[in-house]
Amino acid sequence: MVKVAVVTGGGQGIGEGIVKQLASDGFTVAVADLNKDNATKVAEEVGNESKGYYVDISNHDDMFKLVDDVVRDFGQLDVFVNNAGIAQIAAIVDAKPEEITKIFNINVNGTIYGIQAAAKQFKKQGKGGKIINACSIAGHQAVELLGIYSATKFAVRGITQAAAKELAKDKITVNAYCPGIVLTPMWDQIDAAMAKIYDRPLGETKQEYIDGIALGRGEEPADVANLVSFLADEKSNYITGQSILVDGGINYV
Ligand SMILES: NC(=O)c1ccc[n+]([C@@H]2O[C@H](COP(=O)([O-])OP(=O)(O)OC[C@H]3O[C@@H](n4cnc5c(N)ncnc54)[C@H](O)[C@@H]3O)[C@@H](O)[C@H]2O)c1
């Protein structure tokens, strides 16, 4: 039987890479994004009856509706990838209350809502399931000017551990992937903001970070997707509560 995976933030960047990999692994993929046009384009590209959906992950009801819609369309849910997230570049002393609330609503609350909605469906189906969250190197070691972002990713690591313990009895595993410097629009945004703050040319910050990678190159979405493919497969059945670094050699924990 064909398996069904949801990937939030699947319209571009790492999420798009994950959608492509899971489709080539044989999944039908529900590609969910704030940008439904992008989601639909990616879904049509990968085939396997994959489909684009609108979702705002920071909206509790949206996330439950997404799972209901996917189950109505495809009959089941097997894997839920809480990938969507945003970055913010600001010193902790300068971070504005509304910006702090926004990033926590998306990166933290959104991940919690995804776990809740997926777990509810997995429990109904009664045969377990896999929840996979987007963490980051910044969830293992905080980065200056990405302090609030780092805090959200530390939170994702904690939520991943607690949810894994709570849901193990239902055969639901919960893990996270922690990418490094992935060459997506998010890093273009970080680089542009750092260029302004440090008054340096565009590209310099990104290059500096890439120079610190042991394997000597920036990360591609496909590098992250290979780990997600494993975490979505039964080969990873005995792994839960882990936030696994996939960074080419930046952090060693
Ligand atoms: N790019 C990196 O270097 C890097 C490193 C570590 C972790 N991550 C994490 O990986 C995930 C994906 O990052 P990316 O680089 O692909 O980002 P990106 O900005 O390139 O893409 C993010 C996607 O998520 C969607 N999105 C944003 N807010 C949303 C919301 N509220 N509801 C639904 N969709 C929403 C966007 O429309 C976009 O399609 C994020 O959680 C990010 O924190 C990225």
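All residue numbers here begin at 1 and follow the chain in the order shown.
Even glycines carry a Cβ here, placed using N, Cα and C.
Under the heading NAD(+) binding site, TrEMBL lists GLN12, GLY13, ILE14, ASP33, ASN83, TYR149, LYS153, PRO179, GLY180, ILE181, VAL182, LEU183, THR184. Following the DSSP three-state reduction, the secondary structure of THR184 (NAD(+) binding site) is coil.
According to DSSP, TYR149 (active site, proton acceptor) sits within a helical segment. Residues or ranges marked as active site, proton acceptor by TrEMBL: TYR149.
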For the binding-site residues LYS153, VAL182, THR184, which residues place their CB under 6 A from an atom of ligand 1?
VAL182, THR184
How many whole Å apart are the CA atoms of ASN83 (NAD(+) binding site) and TYR149 (active site, proton acceptor)?
15
Taking the residues the record says bind NAD(+) (GLN12, GLY13, ILE14, ASP33, ASN83, TYR149, LYS153, PRO179, GLY180, ILE181, VAL182, LEU183, THR184), how far apart in Å are the two Cα atoms that sit farthest from each other?
22
Counting other CB atoms within 10 Å of each candidate's CB, the least crowded of the binding-site residues ILE14, VAL182 is VAL182
I'd like to know which of the binding-site residues GLN12, ASN83, THR184 has the most other Cβ atoms within 10 Å of its Cβ.
ASN83
Expressed in Å to no decimal places, the gap between the Cα atoms of VAL182 (NAD(+) binding site) and TYR149 (active site, proton acceptor) is 16
